[in-house]
Amino acid sequence: MSTLHPPRLAPIFAVTPSAPGTPVHSIQTMRRKAAGHSGPLTKILVANRGEIAIRVFRTAHELAMHTVAIYSYEDRMSAHRQKADEAYRVGTGLTPVGAYLAQDDIIRIALEHGVDMIHPGYGFLSENAEFARKVEQAGIAFVGPTPEVIDGLGDKTKARTLGDNATKVGVPIVPGTPGPVSSWKDADAFIKEYGFPVIVKAAMGGGGRGMRVVREQSDFKNAFERAVSEAKSAFGDGTVFIERFLERPRHIEVQLLADAQGNTVHLFERDCSVQRRHQKVVEVAPAMHLPEEVRQAILADAIKLAKSVKYRNAGTAEFLVDQMGRHYFIEINPRIQVEHTITEAITGLDIVAAQIQIAAGATLPQLGLTQEAITKRGFAIQCRVTTEDASQNFQPDTGKIEVYRSAGGNGVRLDASSGFAGAQITPHYDSLLVKVTVTGTTYEVARRKMLRALVEFRIRGVKTNIPFLFRLLTHDVFISGKTWTTFIDDTPELFKLVQSQNRAQKLLAYLGDIAVNGSSIKGQTGEPGLKQDIVIPPLQNRESPDGQPLDTSLPCEVGWRNIIVEKGPEAFAKAVREYPGTLIMDTTWRDAHQSLLATRLRTIDMVNIAKETSWALSGAYSLECWGGATFDVAMRFLYEDPWERLRALRRLVPNIPLQALVRGANGVGYTSYPDNAIYDFSKKAVENGLDIFRVFDSLNYIENMKLGIDAAKKAGGVVEAVVCYSGDVASSKETKYTLQYYLDFVEQLVKEGIHVLGIKDMAGLLKPHAAKLLVGSIREKYPDLPIHVHSHDTAGISAASMIAAAAAGADVVDVAIDSMSGLTSQPPMGRRLHGSGADGPWHGHSCFEANVRASDSSVFAHEMPGGQYTNLMFQASQLGLGTQWTEIKKKYIEANDLCGNIIKVTPSSKVVGDFAQWMTQNSLSKEDVIARADQLDFPSSVVEFFQGYLGQPVGGFPEPLRTNIIRNKPRIDGRPGTSLEPIDFKKTKAELRSKFGKHITDADVTSYVMYPKVFEEYQSFLEKYGDLSVIPTRYFLGRPDIGEEMHISIEQGKTLIVRLMAVGPVVEGRAQRDVWFEVNGEVRAVSVEDKNSAVETVSREKATSDPGSVGAPMSGVVVEVRVKEGQEIKKGDPLCVLSAMKMESAVTAPVSGRIKRVVVQEGDSINSGDLTVEIVH
């Protein structure tokens, strides 16, 4: 049934026709022509804003009317202003809300612009009798009840009079005060008669504002005063009244329509029970599980009440239904309701059209709106999508909507205002963004349709309550349709929210930052060398007579790992020993790129050739792909999850054992941990796909080794225990790391029940003759023990050494793919894999290559590990010491001597490296250090080494240097982990989830235990940019070109096609640029800080020669300040902590005294010698 003006109403809308022959060009004349009528009431002003203003405009346009909007200054960019034919600013000089309450100004605008009718919408002046009266006195039709009816109903205290008289028409009411209550003390009599709980209600209120439920006398005064204050702020009137509060009732309301002749009909009922703080959240029509006799009684009572007050226009009679099925009248709202859309959905009627036509003088029979003609069909549900964060107690969110994609389809209706990308959500008004109304043949069909609609929404830039609505709609109580008014407050599990991932917008934020500022990945020099897709050539099938390539669409299933899976570690070790040839381990995915590319190889590049690798190296002993520096670098510099790397490679390479380098009692960290942390790490490693633990200790300290071996064994892994090689066993001058030393150490390892023995030559010191002597001697003593030899090619001799080791009885030697071999990496495995595709992806990482162009025989003097060589070179460059590399190598020798000529492999090599750089930076000789050890501020790693946190070095610590360095700090003379408190993993997980969210897994907890600060920074990065591991490396590291199309697969079957469109100019005064992208054909923009524009040159004060003027011992970033001005300190107390790359150094007080000035703060970048603290002494 159409609710446009029927022909019999034409006189109401008659106007003078256009002159004969006048062409019809205006939208207004086209509207009237399409509507089939014309008349004098042609222009309507909506005294409101937002979605309800747009809702009225739409119906008015269908009725061939001209529309006028009003807007406050703060709303000058709002959508409702643009939807009207005319728009005028209202309330100049008033507050954002006050502008829409400026009655006289609204009427002025209406009169000046020929307005015939004013529709008040809901809220603001919709229940203000004074406004309605002024409108009518101005000769303008008011779309609503008469001023007298509003006066009696809009004020809830006067509506109580209607309730008191309700018994005359047989309508029950909730007990309440007969009139307004001016003071909390005046409520005593009512409370004594009816008791608690009670509800304090704003007389002029609506939308839950100015309402408070009070259950205890002690809370009453505060609740009353807050209700009054809130009512006054929201409605300009602080009058309140009090009612008895019903426990867990349903809120049922009836939509009414009445004309000026007393004809009254209902449009059935709505269930508005799902509320929060008396603000409706979800509404349903018709009400579920309402006994028919109760339904009919409520509908009949609503009609009685409306007739008794001579109601006109649209209104809503509201009732509460208690748990016994008894209903109580509470109020009539003399206006259109937010939730009117669901009534329109089940009846097919346009309530706003009926409002306008009734205000124009039409009767219900003229509109065809008789009770018999009004029917209902199916069910409808409305959800109010708001810009509120349910996880933060529904705190309203503000800001710019960056992305807005709405729902649609069969049975979905949207009523919105600011629902568009670029809309600015301000704090001035209601947080409603869009009303979603769905219809279905049954309640369940409608509920499922609503879920589908909400899933389709993509709103970015501001928080919304959509995650909460998901939880609500899927809760068993809501599914059953048996909700009550305090259901949300009574159901805390509704707030266990699942947040949207917001992946696309976060990725754009990163790509935008790259486009503006370039890569921020530490260690990168220039753009990546490869900027096109990697073409992986086919693998030759050696068994095919016609040379057909291998089908590598699926991973190979044949390999050494099958023995581990089917028979266990012992059988695997036995099979390796019985193998007649020499096996290889490929280090490309771990040590090779650690040695050549600063450990910057990304998971996606390994994954892209993983299936091919499973075929090409199916006969390999193992692939080293995890542990060592890769674990922390993955989080620290590449912003990806090391556990996901392990899982991904396991899925794609099911046949080759995966191996990790594990630092004994240090796990994959740089310090000691409680024993249960190492057992936990090892267990999780196996669960996530690891097969072989290459367990070593950076000092060859057997007690640390025992822990790592036992943890790996109990986890079910293959235990490859390592003896770290240093010195030269073939030299008669070697007195510390002799052949007998190694044989004795191997004997200790064998006693622990290891499966394989590893010989780890970290620096490439193992010469061919020494390899033959060492391996041959071990083979002779242990004929059944598999031996695995690892070296580096720093001096260019490792290939010869590996051949010698194999000839002497080694079962496995380490090699790398040709393009990742040589120099500080491992020797090449040979060109037999040429064309396999395994070489391809690494060329994109050339921007991380160190300036190492040839072999370096000086390694036999400084003994620097291959994995450290290029990393230390990079660190030196970052610290401003790049030109002093030769000096650093000399200081490395001296630092090693100061430490006692120790085994050097991470983390002990880091100690020596930090020591060497610190000595270089501060121009200190070995003799200087010895002489001034009790006064100098050493790097933290050096202090902790001498304390004993890494364990006990071969031959012990040099004294008195140790005592002078650690001074009054704790001294550990055994295995460090024995004195550490066990980790409470359950508690730690709860704390991390509380801080970062429910996505934290058990593996994440282990990452945090190993690297607390790195993990927290990684999680913060994820929160800002999302999972970047899916971005192809050339876009992760390099600026995209304008117009370049990027294909980014965010999950199986979901690919983002991203095109960089433009980079805007710097926004004046903000150092920001807007970067424009096209994502799957949709234009999006992100705002990015231009770090070059934001750079501010800071000139820092230098320390003087005064002992109280404390300078920075090295360049770095201040990560912690431990003192404040006026504080008394003693000599040796820590003042602040500096960090440069992975090296931290505490700055301590050289003298006792009082802090006069602290001139640094956390986050400051300072240079060596810059003043940090000034001490009065």
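Quick reminder: no glycine exception, Cβ is built from N, Cα and C everywhere.
Automatic, uncurated: that is what TrEMBL annotation is.
Copied over from TrEMBL, here are the features:
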type	residues	note
ACT_SITE	Arg335	active site
BINDING	Lys156, Glu243, His278	ATP binding site
BINDING	Asp591, Lys760, His790, His792	Mn(2+) binding site
BINDING	Arg663, Thr906	substrate binding site
DOMAIN	40-493	domain 'Biotin carboxylation'
DOMAIN	163-360	domain 'ATP-grasp'
DOMAIN	582-858	domain 'Pyruvate carboxyltransferase'
DOMAIN	1098-1176	domain 'Lipoyl-binding'
MOD_RES	Lys760	N6-carboxylysine
MOD_RES	Lys1142	N6-biotinyllysine
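With Glu243 (ATP binding site) as the anchor, the candidate binding-site residues are Asp591, Lys760, His790, His792, Thr906, and the one with the nearest CA is Thr906.
Taking the C-alpha atom of His278 (ATP binding site) as reference, the shortest distance to any of the recorded positions Arg335, Arg663, Lys760 belongs to Arg335.
Per DSSP, the domain 'Lipoyl-binding' (1098-1176) is made up of 0 helix, 40 strand, 39 coil.
Between the binding-site residues Glu243, Asp591, the minimum number of other C-beta atoms within 10 Å of a residue's C-beta occurs at Glu243. Under a cutoff of 8 A between CB atoms, and with a sequence separation of 6+ in the same chain, the neighbours of His790 (Mn(2+) binding site) are Met585, Thr587, Asp591, Gly758, Ile759, Lys760, Asp761, Val813, Asp814, Gln826. Non-local neighbourhood of Arg663 (substrate binding site): Gly627, Gly628, Gly669, Phe696, Asp697, Ser698, Gly708, Thr906, Pro907, each in the same chain, at least six residues away, with C-beta under 8 Å from its C-beta.
Each of the binding-site residues Lys760, His792 was scored by the other Cβ atoms within 10 Å of its Cβ; the lowest score goes to Lys760. Look at the recorded positions His278, Arg335 and count other Cβ atoms within 10 Å of each Cβ; His278 has the fewest. For the pair His792 (Mn(2+) binding site) and Arg335 (active site), the Cα-Cα distance reads 83 Å. Neighbours of Thr906 (substrate binding site), defined as other CB atoms within 10 A of its CB across all chains, total 25.
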